[in-house]
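So TrEMBL has the following annotated:
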- B:6-23: transmembrane segment (TRANSMEM)
- B:28-48: transmembrane segment (TRANSMEM)
- B:60-83: transmembrane segment (TRANSMEM)
Amino acid sequence: MMQLALEVGQTATPEAVMFWILGPLAVLAALAMLLVKKAVHSAILMAFVMVVLAVFYIAQDAVFLGIVQVVVYTGAVMMLFLFILMLVGVDSSDSLTETIKGLRPIAITAAVGFGGLMVSLLGRATLGRDAIGLSAANADGNVEGIGYLLFSRFVWPFEVISALLVTAALGAMVLAHQPRSSKKSTQRQQSINRFRGESLATAAGLPAPGVYARHNAVDVPALLPDGTPAPNSINASLKARGDMLDSNTFDLKKISTQVEEEK
Amino acid sequence: MDASNYLYISALLFTIGAVGVVVRRNAIVVFMCIELMLNAANLSFVTFSRINGNLDGQVMAFFTMVVAACEVVVGLAIIVAIYRSRRSASVDDASLLKR
């Protein structure tokens, strides 16, 4: 077992250096999280704080928790946050203007009071003995120790939490589910729409973009057999964004048809 | 350096998270601040586990992580549901009970 916290109570110098570098950085990142305007920047700073906490866990002989912190928080939870941010997008709630009058001074005063209380309490609290350290508890390894506790003393909470996980998954599905606004068209209806539609020209489907043109790209219109480009072969959303190339440049008449002989 | 320095960091992060919950308006940022508070509590758990020389605190932190993961999943689903109906992720806009 790697021994990171060497002394009992007192920590080793490398850990102190690590702490005094990463600790202030974490607090600064957390503060910046409140001050930056964009929610995405907040998420990135949050991920940084979580990584720092993972380092702190590992430095305190909680190797398993440190790895879990990286995997679960910076891996899964923060990616979920970013995903939802992408889904919800940016709106007026990103601005930092104060909507409830006098809220900010009150919040800051309360925070200073609370933080001061906590810090002064911690400063005055005495344990009456030295910290013990985890070298004895981690004798068989950190993962083994936690696993032993999970399946002996904490087996009931462990089982209950599995029920919680299943319930949360179900709840998320129920909440995120949206009933269909229009009825799903059947295969029969789709077929009728295709052949009894406005024209029969597209009954066999639209040409795929790019594949008949000079190079294989979705923003290049297909060339029809007579050499004219087919602009309707390009995806409508690409067209709407203006991300398509001009069809005329791909007209066969303008492209040199001479084959250069390779030597 | 004493192990209790981690407790100071934990208290500071918790306080910052609490301020964020009150001050910010974007529901997702508010949610991230709640996560910060949970993480700060976890750091305390791990530090106390080291001070007391047993792994109970680490098991508690492990449980907190699982609960936090569940909470994120359900909370973000709620945010998405609210966003769908109101087109806004601001916590101030969901104030129907006030009127």
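Cβ coordinates are placed from backbone N, Cα and C, and glycine is handled just like the others.
Where the annotation comes from TrEMBL, it is an automatic prediction and has not been curated.
Help me picture these features in the structure, burial and contacts included.
Sequence-remote contacts of a segment are chain residues at least 6 beyond its ends whose Cβ falls under 8 Å from one of its Cβ atoms, and for the transmembrane segment (B:60-83) they are 27-28, 31, 34-35, 38, 41-42, 45-46, 49, 89, 94.
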For the transmembrane segment (B:6-23), find every same-chain residue at least 6 residues outside the stretch whose CB is under 8 Å from a CB in it, and list them.
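Same-chain contacts beyond the ends: 29-30, 32-37, 39-41, 43-44, 46-47.
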What else in the chain is close to the transmembrane segment (B:28-48), if you only count residues 6 or more beyond its ends and a Cβ gap under 8 Å?
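3-4, 6-7, 9-14, 16-21, 57-58, 60-61, 64-65, 68, 71-72, 75-76, 79, 89, 91.
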